[in-house]
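Before any comments, here is the structure.
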Number of protein chains: 2
Amino acid sequence: MAAPENTLHSTDSPLKRQREDEVNGVSDTLSKEPQPNGLSSVIPGWFSEISPMWPGEAHSLKVEKILFQGKSDYQDVMVFQSATYGKVLILDGVIQLTERDECAYQEMITHLPLCSIPNPKKVLVIGGGDGGVLREVARHSSVEKIDICEIDKMVVDVSKEYFPDIAVGFADPRVTLNIGDGVAFLKAAPEGTYDAVIVDSSDPIGPAQELFEKPFFESVARALRPGGVVCTQAESIWLHMHIIEDIVVNCRQVFKGSVNYAWTTVPTYPSGMIGFMLCSTEGPSVDFKHPVNPIDENDSQQAARPLKFYNREIHSAAFCLPSFAKRAIASKEN
Amino acid sequence: MAAPENTLHSTDSPLKRQREDEVNGVSDTLSKEPQPNGLSSVIPGWFSEISPMWPGEAHSLKVEKILFQGKSDYQDVMVFQSATYGKVLILDGVIQLTERDECAYQEMITHLPLCSIPNPKKVLVIGGGDGGVLREVARHSSVEKIDICEIDKMVVDVSKEYFPDIAVGFADPRVTLNIGDGVAFLKAAPEGTYDAVIVDSSDPIGPAQELFEKPFFESVARALRPGGVVCTQAESIWLHMHIIEDIVVNCRQVFKGSVNYAWTTVPTYPSGMIGFMLCSTEGPSVDFKHPVNPIDENDSQQAARPLKFYNREIHSAAFCLPSFAKRAIASKEN
């Protein structure tokens with residue numbers, strides 16, 4: 001296949017390459033560095049998600065056709081048509097979304113915070129360059145202004161080209177797109193600007209690393225109004241309990257309202273789930289477990305594109321944790 | 001490696017075989033029949049779970065050492081030491097349990113039904129030959145008699161040999177092990193015998209097929225006392241909504257108390273989750289969503305081997321479904 005280029009292009013080359021690493025018919029690819037795009041020789045014709053973030057396991061999807069491969073200033077970007085999960089967006093070899101299950105992540109990371117406060121008006125999205133979180137924020141008629149700061153323009157362009165049902169979020173007139181560093185954007189934001197900040201980041205290896213560190217949380221807290229809320233991607237309790245414990249410790253120091261962990265099923269994420277940290281700043285208290293701002297499913301605005309995943313019951317259920325995770329998080333409480 | 005035999009043996013042969021299906025360095029193994037044991041040439045040195053039950057995707061675990069391979073009268077049985085999930089039990093190429101995440105499945109399939117009724121005394125387990133469900137049933141001090149009917153003795157023997165922390169369930173003096181057909185066992189059981197029946201089956205392709213059909217549910221209902229409960233493995237809402245809808249229809253016809261679907265996260269099951277049907281027979285009403293029979297975590301009996309996953313909150317949360325699943329199941333209501 002063509003070498004990655006820093007421009008939009010599509011290719012339908014078959015996924016064939018010589019397997020130089022074979023000895024006696026046996027590949028030991030997995031003990032070496034994975035290919036940056038995941039299209040290694042591991043399973044020819046399939047995409048395998050291999051990462052030091054989840055050693056010893058790999059989820060694979062059958063590839064029908066590669067639609068895009070590129071290399072931005074920040075990461076490798078790939079889109080392929082899968083056999084059974086629709087189109088798939090890959091960044092640095094890691095699945096970001098599939099058309100089949102993106103609803104779970106996008107709806108939960110958005111409505112868990114926005115349904116927990118009355119009348120959110122100003123919302124900031126950090127990351128989220130695919131537009132899916134914007135699409136979900138736009139369901140809230142109280143919202144007047146949606147800022148988004150995505151570091152990688154290629155993600156936005158690719159999403160608009162290949163995922164129109166997700167990138168539709170950019171079409172909302174309340175949205176202002178900023179291409180740049182989310183950390184710098186937050187620092188420059190006037191204090192107390194936002195009702196809610198949603199951090200839709202990739203994993204802490206790569207361009208999103210800073211978004212898991214304490215100075216970033218301090219910037220978020222500063223940019224939020226009193227009693228404002230943040231929801232940030234916070235990994236899986238099955239794989240990364242220690243990362244989560246560190247995030248909890250940081251958040252408890254920074255966010256003086258409440259600090260909670262919630263989770264949702266997402267089949268194509270490692271361990272089949274992903275978690276979120278939901279925190280509020282000092283001010284009007286926020287009880288995340290009991291949403292005060294329901295999305296009315298009978299609203300005519302929602303009828304054309306009904307929620308697939310989120311509802312009031314699953315909102316509250318998301319905060320119920322298995323005992324091992326509950327104990328680990330409780331051990332970090334002040 | 002040695003050809004499968006119908007006896008217990010262990011092997012530490014490396015997972016190497018010639019790849020006869022290669023042309024020009026490119027394997028198309030996945031378009032052919034998978035190897036029955038999953039140790040295909042797909043990812044040499046790894047186990048890949050490939051099944052027509054979940055086409056187009058495969059979860060793979062890195063294999064450190066194969067501990068057992070055999071062929072029983074019913075299925076291929078394999079145990080391996082994985083790199084990051086502990087020991088793994090495979091039946092007919094499908095992951096049944098790993099030491100790392102078995103707690104989620106075993107605790108939920110057991111305590112969802114048993115914590116929903118007061119003082120369960122007689123419990124029947126169909127399948128569950130690894131002993132994990134028995135281990136969990138045995139936590140309930142009210143229980144006086146635990147029958148288990150497992151069709152495949154090799155599963156029991158292998159579990160006792162390689163998974164002592166799971167097979168420990170067989171050591172409880174209240175347990176009676178029957179090797180045989182669960183369908184026949186239930187038909188022979190006196191009417192109204194059990195307070196609870198737990199159906200810990202594999203998927204509906206293979207020896208467990210009958211356990212997903214209406215005549216089987218009728219036998220279960222007959223063997224239960226009025227207001228008795230059944231919990232049966234019921235697949236994933238992400239992958240098998242149509243199977244679930246069929247099960248719901250069957251259960252609503254057979255179980256005149258209540259019929260509910262619940263689910264839990266299990267990272268090594270396809271789509272990262274598994275569901276359960278929880279039904280009760282006509283009689284004293286059972287509100288599965290509000291458990292009446294909590295397991296006391298402070299009980300000294302539990303202290304040595306505390307629950308890892310189950311608690312009261314996650315019990316109730318398990319019945320909260322994503323909107324797409326809620327709608328599909330509601331559409332099958334009378």
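Placement of Cβ uses the backbone N, Cα and C atoms for every residue, glycine included.
Fair warning: this is a prediction, and the values are worked out from it, not measured in the lab.
Matching B:Asp130, B:Asp246 to the S-adenosyl 3-(methylsulfanyl)propylamine binding residues that Swiss-Prot gives (B:Gln75, B:Gln106, B:Glu150, B:Asp181, B:Gly182, B:Asp200) identifies B:Asp130.
Here Swiss-Prot has B:Tyr105, B:Asp200, B:Ser201, B:Ser202, B:Asp203 binding putrescine, and the candidate from B:Tyr269, B:Tyr310 in that same listed site is B:Tyr269.
Once Cβ contacts within 10 Å are tallied over all protein chains shown, the binding-site residues B:Asp130, B:Glu150, B:Asp181 are led by B:Asp130. Nearest Cα neighbour of B:Tyr105 (putrescine binding site) among the listed binding-site residues (B:Glu150, B:Asp181, B:Gly182, B:Asp200): B:Asp200. Across the structure, B:Asp200 (S-adenosyl 3-(methylsulfanyl)propylamine binding site) and B:Tyr269 (putrescine binding site) place their CA atoms 14 angstrom apart.
The 10 Å shell around the Cβ of B:Ser202 (putrescine binding site) contains 20 further Cβ atoms across the protein chains shown.
For B:Asp200 (S-adenosyl 3-(methylsulfanyl)propylamine binding site), the count of additional Cβ atoms within 10 Å of its Cβ stands at 26 [all protein chains shown].
Excluding B:Tyr105, B:Asp200, B:Ser201, B:Ser202, B:Asp203, B:Tyr269 themselves, the residues of that chain whose CB lies within 8 A of the CB mean position for the putrescine site are, in sequence, B:Gln96, B:Gly127, B:Ala208, B:Gln233, B:Ile274. DSSP assigns B:Glu150 (S-adenosyl 3-(methylsulfanyl)propylamine binding site) to a strand in the three-state reduction.
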